[in-house]
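Chemist: Have a look at this one before I ask anything.
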Amino acid sequence: MTKTLPKDFIFGGATAAYQAEGATHTDGKGPVAWDKYLEDNYWYTAEPASDFYNRYPVDLKLSEEFGVNGIRISIAWSRIFPTGKGEVNPKGVEYYHNLFAECHKRHVEPFVTLHHFDTPEALHSDGDFLNRENIEHFVNYAEFCFKEFSEVNYWTTFNEIGPIGDGQYLVGKFPPGIQYDLAKVFQSHHNMMVSHARAVKLFKDSGYSGEIGVVHALPTKYPFDANNPDDVRAAELEDIIHNKFILDATYLGKYSDKTMEGVNHILEVNGGELDLREEDFVALDAAKDLNDFLGINYYMSDWMQAFDGETEIIHNGKGEKGSSKYQIKGVGRRKAPVDAPKTDWDWIIFPQGLYDQIMRVKADYPNYKKIYITENGLGYKDEFVDKTVYDDGRIDYVKKHLEVISDAISDGANVKGYFMWSLMDVFSWSNGYEKRYGLFYVDFETQERYPKKSAYWYKKVAETQVIE
(Lines of atoms letter the chains of each structure in order from A and count residues from 1; the text may use other names and numbers.)
(Lines give C-alpha, C1' and ligand atoms only; values in the text may rest on other atoms or scores of the structure.)
Protein backbone atom coordinates (compact mmCIF):
# COMPACT_ATOMS: atom_id res chain seq x y z
CA MET A 1 0.00 0.00 0.00
CA THR A 2 1.31 3.46 -0.92
CA LYS A 3 1.90 5.65 2.11
CA THR A 4 1.33 9.37 2.43
CA LEU A 5 2.36 12.30 4.63
CA PRO A 6 0.24 15.23 5.86
CA LYS A 7 -0.43 18.25 3.63
CA ASP A 8 1.38 20.62 6.02
CA PHE A 9 4.45 18.38 6.32
CA ILE A 10 7.84 20.12 5.97
CA PHE A 11 10.11 18.55 3.35
CA GLY A 12 13.42 20.06 4.34
CA GLY A 13 17.13 19.88 3.74
CA ALA A 14 19.72 20.26 6.48
CA THR A 15 23.04 22.10 6.66
CA ALA A 16 25.47 23.25 9.37
CA ALA A 17 27.58 26.40 9.42
CA TYR A 18 31.03 24.83 9.71
CA GLN A 19 30.26 22.00 7.29
CA ALA A 20 28.79 24.25 4.59
CA GLU A 21 29.89 27.88 4.84
CA GLY A 22 33.64 27.79 4.30
CA ALA A 23 34.96 31.35 4.83
CA THR A 24 36.35 30.20 8.17
CA HIS A 25 38.29 33.44 8.78
CA THR A 26 36.32 35.84 6.57
CA ASP A 27 34.67 39.09 7.70
CA GLY A 28 35.83 38.89 11.30
CA LYS A 29 34.87 35.29 12.09
CA GLY A 30 36.74 34.03 15.14
CA PRO A 31 38.53 30.68 15.21
CA VAL A 32 36.92 27.45 16.38
CA ALA A 33 38.71 24.42 17.81
CA TRP A 34 38.10 22.49 14.59
CA ASP A 35 40.32 24.83 12.53
CA LYS A 36 43.58 23.69 14.06
CA TYR A 37 42.34 20.20 14.96
CA LEU A 38 41.61 19.33 11.33
CA GLU A 39 44.97 20.74 10.23
CA ASP A 40 46.81 18.66 12.83
CA ASN A 41 44.84 15.40 12.63
CA TYR A 42 43.07 15.01 9.29
CA TRP A 43 43.67 15.08 5.55
CA TYR A 44 41.23 17.95 4.88
CA THR A 45 39.99 21.25 6.32
CA ALA A 46 36.71 23.18 6.31
CA GLU A 47 37.89 25.30 3.38
CA PRO A 48 36.07 25.79 1.13
CA ALA A 49 33.37 23.32 2.28
CA SER A 50 30.34 24.12 0.08
CA ASP A 51 31.07 27.88 0.03
CA PHE A 52 27.56 28.42 1.41
CA TYR A 53 28.81 31.75 2.81
CA ASN A 54 28.81 33.09 -0.76
CA ARG A 55 26.58 30.64 -2.61
CA TYR A 56 23.53 30.46 -0.36
CA PRO A 57 21.38 32.26 -3.00
CA VAL A 58 22.12 29.40 -5.43
CA ASP A 59 21.26 26.72 -2.87
CA LEU A 60 18.05 28.45 -1.82
CA LYS A 61 16.96 28.94 -5.44
CA LEU A 62 17.53 25.21 -6.01
CA SER A 63 15.58 24.48 -2.81
CA GLU A 64 12.59 26.43 -4.10
CA GLU A 65 12.80 24.75 -7.52
CA PHE A 66 12.94 21.27 -5.99
CA GLY A 67 10.10 21.62 -3.48
CA VAL A 68 12.30 21.93 -0.39
CA ASN A 69 10.24 24.15 1.93
CA GLY A 70 12.42 24.06 5.05
CA ILE A 71 16.14 24.37 5.70
CA ARG A 72 18.18 23.71 8.80
CA ILE A 73 20.84 26.37 9.21
CA SER A 74 23.19 26.92 12.11
CA ILE A 75 24.62 30.25 13.20
CA ALA A 76 28.38 30.13 13.69
CA TRP A 77 28.73 31.44 17.25
CA SER A 78 32.20 32.82 16.41
CA ARG A 79 30.80 34.85 13.50
CA ILE A 80 28.64 36.74 16.00
CA PHE A 81 31.04 36.75 18.98
CA PRO A 82 34.57 36.00 17.63
CA THR A 83 35.78 34.96 21.10
CA GLY A 84 32.41 33.61 22.25
CA LYS A 85 31.62 36.65 24.38
CA GLY A 86 32.16 40.38 24.60
CA GLU A 87 32.35 42.25 21.34
CA VAL A 88 29.85 41.59 18.54
CA ASN A 89 31.02 41.23 14.93
CA PRO A 90 28.58 43.33 12.84
CA LYS A 91 29.52 41.63 9.56
CA GLY A 92 28.52 38.26 10.99
CA VAL A 93 25.19 39.67 12.14
CA GLU A 94 24.57 41.21 8.71
CA TYR A 95 25.39 37.92 6.95
CA TYR A 96 22.72 35.98 8.85
CA HIS A 97 20.09 38.70 8.32
CA ASN A 98 20.79 38.48 4.58
CA LEU A 99 20.67 34.68 4.66
CA PHE A 100 17.33 34.55 6.51
CA ALA A 101 15.86 37.18 4.15
CA GLU A 102 16.85 35.03 1.17
CA CYS A 103 15.24 31.98 2.81
CA HIS A 104 11.94 33.82 3.18
CA LYS A 105 12.17 35.25 -0.34
CA ARG A 106 12.46 31.67 -1.63
CA HIS A 107 9.65 30.37 0.66
CA VAL A 108 12.08 28.07 2.47
CA GLU A 109 11.45 28.21 6.24
CA PRO A 110 14.73 28.46 8.20
CA PHE A 111 15.04 26.27 11.30
CA VAL A 112 17.99 27.89 13.05
CA THR A 113 20.43 26.15 15.39
CA LEU A 114 22.57 28.15 17.81
CA HIS A 115 25.31 25.55 18.33
CA HIS A 116 26.28 22.85 15.85
CA PHE A 117 29.62 21.42 17.13
CA ASP A 118 31.44 24.75 16.81
CA THR A 119 32.15 26.40 20.17
CA PRO A 120 34.53 29.36 19.64
CA GLU A 121 38.16 28.37 20.22
CA ALA A 122 38.61 30.83 23.11
CA LEU A 123 35.89 29.02 25.10
CA HIS A 124 36.62 25.52 23.79
CA SER A 125 40.25 25.67 24.96
CA ASP A 126 38.97 26.77 28.37
CA GLY A 127 37.07 23.51 28.91
CA ASP A 128 34.14 23.95 26.53
CA PHE A 129 30.93 22.86 28.31
CA LEU A 130 32.85 21.07 31.07
CA ASN A 131 33.51 24.61 32.28
CA ARG A 132 30.32 25.90 33.89
CA GLU A 133 31.15 29.47 32.83
CA ASN A 134 30.33 28.35 29.30
CA ILE A 135 26.69 27.91 30.34
CA GLU A 136 26.51 31.67 30.97
CA HIS A 137 28.33 32.50 27.73
CA PHE A 138 25.95 30.32 25.73
CA VAL A 139 22.83 31.81 27.35
CA ASN A 140 24.12 35.34 26.64
CA TYR A 141 24.81 34.41 23.01
CA ALA A 142 21.34 32.86 22.71
CA GLU A 143 19.70 35.97 24.16
CA PHE A 144 21.54 38.18 21.68
CA CYS A 145 20.32 36.03 18.77
CA PHE A 146 16.71 35.86 19.98
CA LYS A 147 16.62 39.66 20.19
CA GLU A 148 18.54 40.36 16.99
CA PHE A 149 17.03 37.81 14.62
CA SER A 150 13.32 38.30 15.25
CA GLU A 151 12.63 37.10 11.68
CA VAL A 152 13.45 33.53 12.78
CA ASN A 153 10.37 31.45 13.62
CA TYR A 154 12.04 28.18 14.68
CA TRP A 155 15.00 28.03 17.05
CA THR A 156 17.06 25.05 18.15
CA THR A 157 19.51 25.45 21.02
CA PHE A 158 21.91 22.60 20.27
CA ASN A 159 22.50 20.05 17.58
CA GLU A 160 23.36 16.62 18.98
CA ILE A 161 24.47 17.08 22.58
CA GLY A 162 25.06 13.30 22.69
CA PRO A 163 27.58 13.04 19.84
CA ILE A 164 29.43 16.14 21.10
CA GLY A 165 30.23 14.47 24.44
CA ASP A 166 30.79 11.18 22.64
CA GLY A 167 33.07 12.67 19.96
CA GLN A 168 35.07 14.83 22.35
CA TYR A 169 35.54 12.49 25.30
CA LEU A 170 34.67 8.88 24.33
CA VAL A 171 35.63 8.18 20.71
CA GLY A 172 38.08 11.10 20.70
CA LYS A 173 37.50 12.09 17.07
CA PHE A 174 36.38 15.65 17.93
CA PRO A 175 38.62 18.25 19.58
CA PRO A 176 40.11 17.97 22.20
CA GLY A 177 40.42 14.30 21.23
CA ILE A 178 40.07 12.68 24.68
CA GLN A 179 39.19 8.97 24.71
CA TYR A 180 37.20 6.72 27.05
CA ASP A 181 36.39 9.32 29.74
CA LEU A 182 32.77 8.47 30.54
CA ALA A 183 32.52 10.98 33.40
CA LYS A 184 33.39 13.81 31.01
CA VAL A 185 30.82 12.47 28.52
CA PHE A 186 27.99 12.63 31.07
CA GLN A 187 29.17 15.96 32.54
CA SER A 188 29.26 17.51 29.06
CA HIS A 189 25.76 16.15 28.32
CA HIS A 190 24.47 17.51 31.63
CA ASN A 191 26.00 20.99 31.39
CA MET A 192 24.79 21.39 27.81
CA MET A 193 21.29 20.31 28.83
CA VAL A 194 21.34 22.93 31.60
CA SER A 195 22.42 25.51 28.99
CA HIS A 196 19.54 24.40 26.76
CA ALA A 197 17.03 24.64 29.62
CA ARG A 198 18.23 28.11 30.63
CA ALA A 199 17.98 29.38 27.03
CA VAL A 200 14.49 27.92 26.55
CA LYS A 201 13.23 29.47 29.80
CA LEU A 202 14.70 32.84 28.82
CA PHE A 203 13.08 32.63 25.37
CA LYS A 204 9.65 31.92 26.87
CA ASP A 205 9.93 34.39 29.77
CA SER A 206 10.93 37.17 27.36
CA GLY A 207 7.87 36.53 25.20
CA TYR A 208 9.68 36.11 21.90
CA SER A 209 7.49 34.92 19.06
CA GLY A 210 8.28 31.64 17.38
CA GLU A 211 9.12 28.18 18.63
CA ILE A 212 12.11 26.63 20.34
CA GLY A 213 13.38 23.10 20.81
CA VAL A 214 16.48 20.93 20.74
CA VAL A 215 17.91 18.41 18.27
CA HIS A 216 19.04 15.05 19.67
CA ALA A 217 20.73 12.24 17.78
CA LEU A 218 18.83 9.13 18.87
CA PRO A 219 20.34 5.90 17.49
CA THR A 220 18.11 3.04 18.64
CA LYS A 221 19.83 0.33 20.72
CA TYR A 222 18.75 -3.32 20.67
CA PRO A 223 20.05 -6.42 22.48
CA PHE A 224 21.95 -8.79 20.15
CA ASP A 225 20.06 -11.65 21.77
CA ALA A 226 16.75 -10.42 23.16
CA ASN A 227 16.47 -13.59 25.27
CA ASN A 228 19.80 -13.01 27.00
CA PRO A 229 19.36 -10.69 30.03
CA ASP A 230 23.03 -9.64 29.83
CA ASP A 231 22.58 -8.42 26.25
CA VAL A 232 19.38 -6.64 27.28
CA ARG A 233 21.33 -4.90 30.05
CA ALA A 234 24.11 -3.93 27.61
CA ALA A 235 21.54 -2.31 25.30
CA GLU A 236 19.97 -0.45 28.25
CA LEU A 237 23.33 0.94 29.39
CA GLU A 238 24.32 1.97 25.87
CA ASP A 239 20.92 3.66 25.50
CA ILE A 240 21.52 5.62 28.71
CA ILE A 241 24.85 6.95 27.38
CA HIS A 242 23.46 8.04 24.02
CA ASN A 243 19.73 8.67 24.48
CA LYS A 244 18.01 8.29 27.84
CA PHE A 245 20.23 10.59 29.91
CA ILE A 246 19.60 13.57 27.61
CA LEU A 247 15.94 12.71 26.97
CA ASP A 248 15.28 12.55 30.72
CA ALA A 249 16.93 15.96 31.15
CA THR A 250 14.86 17.39 28.29
CA TYR A 251 11.41 16.10 29.27
CA LEU A 252 11.55 14.94 32.90
CA GLY A 253 13.71 17.80 34.17
CA LYS A 254 15.72 15.22 36.13
CA TYR A 255 17.28 11.78 35.66
CA SER A 256 15.03 8.85 36.54
CA ASP A 257 16.21 6.41 39.21
CA LYS A 258 16.77 3.80 36.51
CA THR A 259 18.89 6.20 34.46
CA MET A 260 21.02 7.18 37.48
CA GLU A 261 21.46 3.54 38.48
CA GLY A 262 22.92 2.91 35.02
CA VAL A 263 25.12 6.03 35.09
CA ASN A 264 26.45 5.13 38.55
CA HIS A 265 27.24 1.60 37.40
CA ILE A 266 29.14 2.89 34.33
CA LEU A 267 31.15 5.35 36.45
CA GLU A 268 31.85 2.73 39.14
CA VAL A 269 33.45 0.51 36.51
CA ASN A 270 35.20 3.28 34.56
CA GLY A 271 35.99 5.83 37.28
CA GLY A 272 35.07 9.48 37.65
CA GLU A 273 32.19 11.34 39.27
CA LEU A 274 29.65 13.95 38.26
CA ASP A 275 28.97 17.44 39.54
CA LEU A 276 25.16 17.67 39.51
CA ARG A 277 23.87 20.67 41.46
CA GLU A 278 20.51 21.56 42.88
CA GLU A 279 20.26 24.72 40.75
CA ASP A 280 20.84 22.59 37.64
CA PHE A 281 17.72 20.58 38.39
CA VAL A 282 15.74 23.75 39.10
CA ALA A 283 16.68 24.94 35.58
CA LEU A 284 15.94 21.57 33.95
CA ASP A 285 12.59 21.27 35.72
CA ALA A 286 11.57 24.82 34.75
CA ALA A 287 12.08 24.05 31.03
CA LYS A 288 10.81 20.47 30.75
CA ASP A 289 7.33 21.45 29.52
CA LEU A 290 8.43 24.46 27.47
CA ASN A 291 10.02 22.68 24.49
CA ASP A 292 7.85 23.35 21.43
CA PHE A 293 9.41 20.49 19.50
CA LEU A 294 12.02 17.76 19.55
CA GLY A 295 14.31 17.31 16.58
CA ILE A 296 15.41 13.70 16.08
CA ASN A 297 18.52 12.97 14.02
CA TYR A 298 18.45 9.31 13.04
CA TYR A 299 20.75 7.40 10.73
CA MET A 300 21.22 3.96 12.23
CA SER A 301 20.61 1.49 15.03
CA ASP A 302 23.05 -0.66 17.01
CA TRP A 303 22.87 -4.14 18.53
CA MET A 304 24.62 -4.67 21.86
CA GLN A 305 26.18 -7.78 23.32
CA ALA A 306 27.38 -8.37 26.88
CA PHE A 307 31.15 -7.95 27.21
CA ASP A 308 33.56 -7.77 30.12
CA GLY A 309 36.90 -6.75 28.57
CA GLU A 310 38.59 -3.36 28.29
CA THR A 311 37.27 -0.39 26.35
CA GLU A 312 38.36 -0.11 22.72
CA ILE A 313 36.82 2.03 19.99
CA ILE A 314 38.05 2.19 16.40
CA HIS A 315 36.36 4.84 14.25
CA ASN A 316 35.86 4.06 10.55
CA GLY A 317 36.58 7.46 8.98
CA LYS A 318 37.47 6.43 5.44
CA GLY A 319 34.57 4.21 4.45
CA GLU A 320 36.52 0.96 4.74
CA LYS A 321 33.64 -1.37 5.51
CA GLY A 322 34.17 -3.59 8.54
CA SER A 323 37.02 -1.55 10.06
CA SER A 324 35.12 -0.14 13.06
CA LYS A 325 35.09 -1.53 16.58
CA TYR A 326 33.14 -0.43 19.66
CA GLN A 327 33.31 -2.00 23.09
CA ILE A 328 32.98 -0.29 26.47
CA LYS A 329 34.03 -1.77 29.77
CA GLY A 330 31.03 -2.46 31.98
CA VAL A 331 28.59 -1.65 29.17
CA GLY A 332 28.92 -4.00 26.20
CA ARG A 333 30.05 -4.24 22.61
CA ARG A 334 28.32 -3.53 19.33
CA LYS A 335 27.71 -6.64 17.26
CA ALA A 336 25.72 -6.40 14.05
CA PRO A 337 23.17 -9.05 13.11
CA VAL A 338 24.64 -11.21 10.35
CA ASP A 339 22.29 -10.02 7.61
CA ALA A 340 22.18 -6.33 8.59
CA PRO A 341 22.74 -3.98 5.62
CA LYS A 342 25.49 -1.44 6.31
CA THR A 343 26.98 1.64 4.70
CA ASP A 344 30.70 1.74 3.84
CA TRP A 345 31.16 3.52 7.18
CA ASP A 346 29.61 0.56 9.07
CA TRP A 347 26.36 2.34 9.89
CA ILE A 348 23.54 -0.22 10.09
CA ILE A 349 20.58 0.69 7.87
CA PHE A 350 17.42 -0.07 9.85
CA PRO A 351 14.39 2.18 9.20
CA GLN A 352 12.33 0.33 11.84
CA GLY A 353 14.69 1.86 14.42
CA LEU A 354 13.38 5.32 13.57
CA TYR A 355 9.78 4.16 14.08
CA ASP A 356 10.72 2.55 17.40
CA GLN A 357 12.53 5.70 18.57
CA ILE A 358 9.61 8.00 17.69
CA MET A 359 7.16 5.71 19.50
CA ARG A 360 9.51 5.48 22.48
CA VAL A 361 9.50 9.28 22.83
CA LYS A 362 5.69 9.31 22.55
CA ALA A 363 5.33 6.60 25.23
CA ASP A 364 8.04 7.66 27.71
CA TYR A 365 7.82 11.45 27.37
CA PRO A 366 4.14 12.30 26.74
CA ASN A 367 4.89 16.04 27.18
CA TYR A 368 6.91 16.04 23.91
CA LYS A 369 4.36 18.12 21.85
CA LYS A 370 5.76 17.46 18.35
CA ILE A 371 8.69 15.96 16.49
CA TYR A 372 10.68 16.90 13.42
CA ILE A 373 13.09 14.41 11.91
CA THR A 374 15.88 16.95 11.65
CA GLU A 375 18.49 14.73 10.00
CA ASN A 376 18.33 11.45 8.09
CA GLY A 377 20.13 10.42 4.94
CA LEU A 378 22.65 8.14 3.32
CA GLY A 379 26.39 8.82 3.17
CA TYR A 380 27.69 7.47 -0.11
CA LYS A 381 30.77 7.61 -2.34
CA ASP A 382 28.71 9.17 -5.12
CA GLU A 383 29.66 8.56 -8.75
CA PHE A 384 29.27 11.71 -10.83
CA VAL A 385 28.12 10.69 -14.33
CA ASP A 386 26.54 12.85 -17.07
CA LYS A 387 26.39 15.84 -14.71
CA THR A 388 24.32 13.96 -12.13
CA VAL A 389 24.42 11.09 -9.64
CA TYR A 390 22.18 8.05 -10.10
CA ASP A 391 21.75 7.54 -6.35
CA ASP A 392 19.06 4.86 -6.23
CA GLY A 393 20.47 3.60 -2.93
CA ARG A 394 19.84 7.00 -1.35
CA ILE A 395 16.31 7.17 -2.76
CA ASP A 396 15.56 3.72 -1.33
CA TYR A 397 17.00 4.71 2.08
CA VAL A 398 14.99 7.94 2.34
CA LYS A 399 11.81 6.30 1.00
CA LYS A 400 11.92 3.58 3.66
CA HIS A 401 12.46 6.13 6.43
CA LEU A 402 9.61 8.34 5.18
CA GLU A 403 7.37 5.26 5.15
CA VAL A 404 8.02 4.51 8.83
CA ILE A 405 7.39 8.18 9.66
CA SER A 406 4.02 7.80 7.92
CA ASP A 407 3.38 4.68 10.04
CA ALA A 408 4.30 6.53 13.24
CA ILE A 409 1.90 9.36 12.36
CA SER A 410 -0.86 6.79 11.70
CA ASP A 411 -0.09 5.31 15.13
CA GLY A 412 -0.60 8.65 16.87
CA ALA A 413 2.84 10.30 16.90
CA ASN A 414 2.88 14.02 16.05
CA VAL A 415 5.65 14.25 13.43
CA LYS A 416 5.55 17.51 11.45
CA GLY A 417 8.49 17.39 9.08
CA TYR A 418 11.60 15.73 7.69
CA PHE A 419 14.97 17.29 6.88
CA MET A 420 17.21 15.28 4.64
CA TRP A 421 20.88 15.39 5.53
CA SER A 422 22.08 17.12 3.57
CA LEU A 423 20.66 19.79 1.28
CA MET A 424 23.82 19.92 -0.84
CA ASP A 425 27.02 17.96 -0.35
CA VAL A 426 28.97 19.28 2.64
CA PHE A 427 32.15 18.16 4.35
CA SER A 428 31.84 15.50 7.03
CA TRP A 429 33.50 16.19 10.42
CA SER A 430 35.55 13.00 10.69
CA ASN A 431 35.27 11.67 7.12
CA GLY A 432 36.12 14.66 4.92
CA TYR A 433 34.76 15.27 1.44
CA GLU A 434 34.41 11.68 0.19
CA LYS A 435 31.28 10.94 2.22
CA ARG A 436 28.46 12.70 0.37
CA TYR A 437 24.85 13.05 1.50
CA GLY A 438 23.38 15.89 -0.56
CA LEU A 439 20.36 16.20 -2.82
CA PHE A 440 22.62 18.45 -4.89
CA TYR A 441 26.07 17.27 -5.93
CA VAL A 442 28.80 19.83 -5.26
CA ASP A 443 31.95 19.88 -7.37
CA PHE A 444 34.25 21.10 -4.60
CA GLU A 445 36.79 22.38 -7.18
CA THR A 446 34.36 24.66 -9.04
CA GLN A 447 31.54 24.87 -6.43
CA GLU A 448 29.00 24.11 -9.17
CA ARG A 449 25.78 22.40 -8.03
CA TYR A 450 24.13 19.50 -9.90
CA PRO A 451 20.79 17.96 -8.84
CA LYS A 452 21.07 14.22 -8.19
CA LYS A 453 18.41 11.70 -9.17
CA SER A 454 17.27 11.82 -5.52
CA ALA A 455 16.51 15.56 -5.85
CA TYR A 456 13.99 14.90 -8.64
CA TRP A 457 12.45 12.06 -6.64
CA TYR A 458 12.25 14.18 -3.45
CA LYS A 459 10.61 17.00 -5.40
CA LYS A 460 7.81 14.69 -6.51
CA VAL A 461 7.23 13.40 -2.98
CA ALA A 462 7.17 16.97 -1.62
CA GLU A 463 4.65 18.05 -4.27
CA THR A 464 2.29 15.10 -3.81
CA GLN A 465 2.98 13.99 -0.18
CA VAL A 466 2.87 10.47 -1.65
CA ILE A 467 5.84 8.20 -0.88
CA GLU A 468 6.55 6.14 -3.99
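Keep in mind that glycine also has a Cβ here, set from the backbone N, Cα and C atoms.
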Chemist: Given that Swiss-Prot annotates Gln19, Asn159, Glu160, Asn297, Ser428, Trp429, Lys435, Tyr437 as binding D-galactose 6-phosphate, state which candidate in His107, His116, His124, His196 belongs to that site as well.
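Modeler: Record source Swiss-Prot; matching candidate: His116.
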Chemist: Pick the one among the binding-site residues Trp429, Tyr437 whose Cβ has the fewest other Cβ atoms within 10 Å in this structure.
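Modeler: Comparing Cβ neighbour counts within 10 Å for the binding-site residues Trp429, Tyr437 gives Trp429.
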Chemist: Quick one: largest C-alpha distance among Gln19, His116, Asn159, Glu160, Asn297, Ser428, Trp429, Lys435, Tyr437, binding D-galactose 6-phosphate per the record, in angstrom?
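Modeler: Per the listed residues, the maximum Cα distance equals 20 Å.
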Chemist: Do any of Gln19, Asn297, Trp429, Tyr437 (binding-site residues) have a CA within 10 A of Glu160 (active site, proton donor), and if so which?
Modeler: Asn297
Chemist: Name the one residue among Gln19, Asn297, Tyr437 whose Cα is closest in three-dimensional space to that of Glu375 (active site, nucleophile); these are the binding-site residues.
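Modeler: Smallest Cα separation from Glu375 (active site, nucleophile) among Gln19, Asn297, Tyr437: Asn297.
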Chemist: Enter the number of other CB atoms within 10 angstroms of the CB of Gln19 (D-galactose 6-phosphate binding site).
Modeler: 25
